[in-house]
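*Asks:* After the structure tokens below, expect a handful of questions from me.
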Amino acid sequence: MAQGLPSTASLVHFCQKLNRLKTLEESTRETLPRHHLTTMHLTLLGVGAMVGVGLYVFTGIVVKEMAGPAVLVSYSLAAVASLLAALCYAELGARVSHRDSPYLLTYLSMGELWAFLIGWIMLLRGLIGGAAMAQVWSSYLDTIFSHRIRSFTEAHVGIWQVPLLAQYPDFLAAGIILLASIFVFCGACISSWINLTVFAINLVIVLFIIILGFVLARPHNWSTEEGGFAPFGFSGIMAGAAICFNTFIGFDVIVAFSKEAQNPKRAVPKAIVISLGLVAGIYILVSSVLTLMVPWYSLEPFWALTDAFHQRGYSWASFIVAAGSICAMITVLLRILIFLPRMLHAMAVDGLIFQVFAHVHTRTQVPVVGILVFGVLMAFLALLLDPEALLQFHSISALLVYTFMATSIIVLRFQKSPPSTSSGLVSPGPVAREYNDSSGHTELLGTEPASAPEPGQLRPALRPYLGFLGGCRPGAVITWALGILVASTITLNCVLVFGDSALHLPLWGYILLLLLSSVMFLLSLLVLGAHHQQRQQDTFQVPLMPLTPALSILFNIFLMLTLSSPAWMCFSIGLLIGFVVYFGYGIRHSKENQRERPGLTATRSSLEETVQALQPPSQTPAQEPRHTEQPAGP
């Protein structure tokens, strides 16, 4: 091999490092939960986590800048994408015997690099989402004071006209973030009764908006004289759906409590479908009355709900909506500020992020450095950046996380089940037990028949037609098919989104590329479907595998590509910083890497002894006795 080039063994070892799984210590494993939650309980948990903040933060921006009255179509499409993502996430959660974030689920099932990417993207999402929420919160608070705070800031600081920057520095948003960070630093938490109170306030505000909004509705506001129903066309509707996806992210609460359900296999999908349907209906009704009350183009994007009532002369109603939105958003902001340092602490404890973030205050049990660093960073972003750019960044990160989840489910479904649960994975099949009878014979009880095919094997009925796939090594066909699936999905979506504007192809080239990518997508689906999958009897599994996760990947990537290039540029910079952190620090200081070191030392010693044993007699030192006549075997 050429000097300076890495050997094949070193490359294999490097790839194994990237895909090593987390091992749970006995002290961190959860005991079996009490199965007492019904489908209704899970549904209420999901609705409570999804209803509220999305109305105040996202609806106005989507209506004014992206979709117009067609925002209700955007919400419908976002609900479909969320349903596909929720089903994939539910199976991943059911496979891991630990209730935690997607970061831990990925670390236990997929590997270290993918877990770091998920964790890093979630940190970026929380950081950006908290900053954007604080800016919208300050806008609603400013409406109570008749926009005097904004007028004062613009008069003394001026108006900025710089891309990605806000029109003026939002000192109020930065101040509320710093104040909330101090509360979290002192050990503040959000009790269950506060969550219940805020949920009740949100429902009352939503019903108030819907009832009074329909009373004040003017169907003329959807007419062509006012710009029509979809003034921004199909691209605007899809870009709006990418933003609206964020309003449904609370479905992960259902997955988190799924292990406490009486019948998870039936309760989880029912709760996901019902809660998403209810929340989508609420959002569609609210966005409909919002655009029926006043023309969509006259709304202020960052306080649209209060502005609509104010334009109709109902200032008292706008005050009620503003007060309710302030209560809801400050609670969610506190929740984000509690989550981010703990997420950072978990990654630091695993060695993937600098150890300084693992320090916890002895009295308040709060990750001190994490809350200080992220509080200041979030305040800085809220002070300077444009809220719309922040929300698009947040949407990219959310969609990418659940795209990883869907891809992970395809990989895990066609993998051979782990022999044990040492890594926290739930074994999909029954446990084998030995039984010795009086005659000395041994048999296995509780296992499938010996002839049962393993996951990833080609189905016997298709072997006469796809026999050429049987000669590949185990897992190779699945890996190639999944790679082609993702590549064809990206190509197909790029053709659909950028075909007319960016690719500059003739009509025949456009059609040819569209057909090729579609055919490759379908062929990869057929190849995946031709192989056996894991089957679990007692836990939830995604229906219509691999079609459901493939559609989730297709839909998520399409929505991501509809977002603006500045948001993608900012996201790429954030992702690049994450790669620098992992390959510069995390891969060497990972806790799993520390566990491997003693084994690597022992392996190297045994290899050296083997090499010495295999040396020819002429190279053996003279003082060592030659006691073998035959050469050592391989």
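Backbone N, Cα and C atoms are what each Cβ position is placed from, and that goes for glycine too.
Marked as compositional bias 'Polar residues' by TrEMBL: 602-622. What TrEMBL lists as compositional bias 'Basic and acidic residues' is 624-634. If you look up TrEMBL, you'll see 540-590 marked as domain 'Cationic amino acid transporter C-terminal'. Residues annotated as region 'Disordered' in TrEMBL: 594-634. Under the heading transmembrane segment, TrEMBL lists 42-63, 69-92, 113-137, 171-190, 197-217, 229-251, 272-296, 316-338, 366-385, 391-412, 477-498, 566-587 (among others).
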*Asks:* Restricting to the same chain and to residues at least six past its boundaries, which positions have a Cβ under 8 Å from a Cβ of the transmembrane segment (391-412)?
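*Replies:* For the transmembrane segment (391-412), the nonlocal Cβ contacts are 57-58, 61, 81, 84-85, 88-89, 91-92, 95, 102, 106, 109-110, 114, 117-118, 121-122, 124-125, 128-129, 132, 242-243, 245-246, 249, 478, 482, 485-486, 528, 534, 542, 545-546, 549-550, 552-553, 556-557, 559-560, 563-564, 566-568, 570-571, 574.
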*Asks:* Does the chain bring the transmembrane segment (366-385) near the transmembrane segment (171-190), so that three or more CB pairs sit under 8 Å (pairs 6 or more apart in sequence)?
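*Replies:* Answer yes: the transmembrane segment (366-385) meets the transmembrane segment (171-190) with 3 or more Cβ pairs below 8 Å.
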*Asks:* Ranking 113-137, 171-190, 197-217, 272-296, 316-338 by Cβ pairs under 8 Å to the transmembrane segment (69-92), which is first?
*Replies:* 272-296
*Asks:* Does the structure show the transmembrane segment (197-217) and the transmembrane segment (316-338) touching, where I'm treating 3 or more Cβ pairs under 8 angstroms (sequence separation 6 or more) as a contact?
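*Replies:* Answer yes: the transmembrane segment (197-217) meets the transmembrane segment (316-338) with 3 or more Cβ pairs below 8 Å.
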*Asks:* What same-chain residues lie close to the transmembrane segment (171-190): Cβ under 8 Å, and 6 or more beyond its ends?
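*Replies:* That would be 130-131, 134-135, 137-138, 141-142, 149, 153, 330-331, 333-335, 337-338, 341, 361, 363-366, 368, 371-372, 374-376, 378-380, 382-383.
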*Asks:* Are there residues at least 6 beyond the ends of the transmembrane segment (477-498) whose Cβ is under 8 Å from a Cβ of it, and what are they?
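*Replies:* For the transmembrane segment (477-498), the far contacts come to 235, 407, 410-411, 414, 456, 458, 469, 510, 513-514, 516-518, 520-521, 523-525, 527-528, 531, 546, 550, 553-554, 557-558, 561-562.
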*Asks:* Taking helix as H, G and I and strand as E and B in DSSP, count the residues of the domain 'Cationic amino acid transporter C-terminal' (540-590) in helix, strand and coil.
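*Replies:* Result for the domain 'Cationic amino acid transporter C-terminal' (540-590), in helix, strand, coil order: 40 helix, 0 strand, 11 coil.
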